[in-house]
Amino acid sequence: MGDWCTIESDPGVFTELIRGIGVKGVQVEEVYSLEDQQLIQQIQPIYGLVFLFKWTDKLEKRECLLNYDNELFFANQVIQNACATQALLAILLNKDDQIDIGEDLKNFKTFTATLDPQMKGLAISNQENIQRVHNSFSRPEPFIFTQSKKKATENDDVFHFVSFVPHKGKLYELDGLQQGPILLGSYENDDWLTLATQEINARILKYSQDEVRFNLLALTIDKRYQCQNNIKQLELQKLGLYQYAKDNQVELDAMQESDFADLNAKLSEQEKLATQVDAQVNKDIVLVKIADINDQIAQQKIIIEEEEYKFKKYEVENVRRRHNYIPFIVELFRQTAKKGKLAELIEKAKQKKKEKAQSQQQQQKKN
């Protein structure tokens with residue numbers, strides 16, 4: 001069992017990570033407030049939430065389930081620094097009926113189905129592909145030491161990830177450091193986010209006197225995938241409207257005729273069987289309906305372009321995270337010293353630090 005590195009809590013990192021382990025059609029979005037209904041509506045469907053908070057050994061023991069639905073995947077965390085990836089897996093492996101998790105994770109879930117949480121955790125630790133993708137986000141170390149890595153002390157900041165997963169009408173908190181799943185309650189009409197909001201807000205309120213750093217991430221459908229499906233449905237509707245217009249001798253202009261021909265060639269015969277026309281459509285409004293659908297398709301394409309730009313940005317940021325800037329920095333110092341300017345810059349930095357400390361002290365006295 002090799003070492004697992006710490007990774008940054010970032011939607012770009014997590015989105016690339018889950019794709020790297022074979023998951024399709026899913027992305028990770030940062031959520032600043034579960035009470036922002038406009039944002040929540042934009043990122044639906046949400047498969048689960050990942051919550052990051054500062055961990056201390058003073059955190060209370062939680063009431064865990066030792067006997068629970070055997071279809072609920074729960075694994076203990078036996079690997080240091082792997083809680084982020086394990087929190088993602090806790091959602092993915094419990095939503096394989098809604099998400100294409102890929103053959104590797106499907107086989108892993110089948111293989112571990114009868115194992116206890118401890119053995120499931122050990123099985124995760126032995127998944128070389130998952131570990132490889134996880135460790136691909138390690139930051140380059142400036143120096144390599146032969147001694148083992150030091151363990152976190154009480155002065156170090158240690159953060160932990162837990163998952164909130166809806167499962168068969170009940171909301172669970174899945175924390176690999178606990179003995180079992182934590183049942184948060186039942187919900188109706190798929191409204192599990194209300195329960196999750198109450199629990200997360202209570203947790204933040206409880207810890208906020210000592211800590212202000214929290215992070216909440218949602219596993220959602222890839223908007224590009226969603227928009228492409230929406231476009232396909234809109235095109236089917238439009239094809240049906242064109243066919244209605246043809247059958248009822250509604251005159252089409254050259255552009256509409258070309259669009260009709262393109263749709264006929266693009267869509268398969270099986271897809272065409274799904275075309276339907278609203279009973280309220282008539283000859284007077286059919287072309288208006290077609291124009292309205294064209295506007296909707298254009299809007300979906302704009303969203304896809306925005307998402308493509310975002311994912312390109314993620315790629316650039318992840319390349320920068322992995323890049324080793326240490327040789328460049330060392331060479332910069334070397335050339336600065338060679339020109340006799342390093343000592344002067346160091347003194348300026350010391351003076352700036354001193355002035356900043358004095359300013360902070362004065363501000364504290366005023367308060």
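Cβ coordinates are placed from backbone N, Cα and C, and glycine is handled just like the others.
Taken from TrEMBL as is:
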DOMAIN    3-221  domain 'UCH catalytic'
SITE      Gln77  site 'Transition state stabilizer'
ACT_SITE  Cys83  active site, nucleophile
ACT_SITE  His160  active site, proton donor
SITE      Asp175  site 'Important for enzyme activity'
Please identify, among the recorded positions Gln77, Cys83, Asp175, the one with the smallest Cα-Cα distance to His160 (active site, proton donor).
Cys83
How long is the line from the C-alpha of the residue listed as 'active site, nucleophile' to the C-alpha of Gln77 (site 'Transition state stabilizer'), rounded to the nearest angstrom?
7
Tell me the Cβ neighbour count for Gln77 (site 'Transition state stabilizer'), meaning other Cβ atoms within 10 Å of its Cβ, over all protein chains shown.
22
In Å, rounded, how far does the Cα of Gln77 (site 'Transition state stabilizer') sit from the Cα of Asp175 (site 'Important for enzyme activity')?
8
Over the span of the domain 'UCH catalytic' (3-221), how high is the average pLDDT in this prediction?
87
Within 10 Å of the Cβ of Asp175 (site 'Important for enzyme activity'), how many other Cβ atoms can be counted across all chains shown?
25
What is the total of other Cβ atoms whose distance to the Cβ of the residue listed as 'active site, proton donor' is within 10 Å?
18
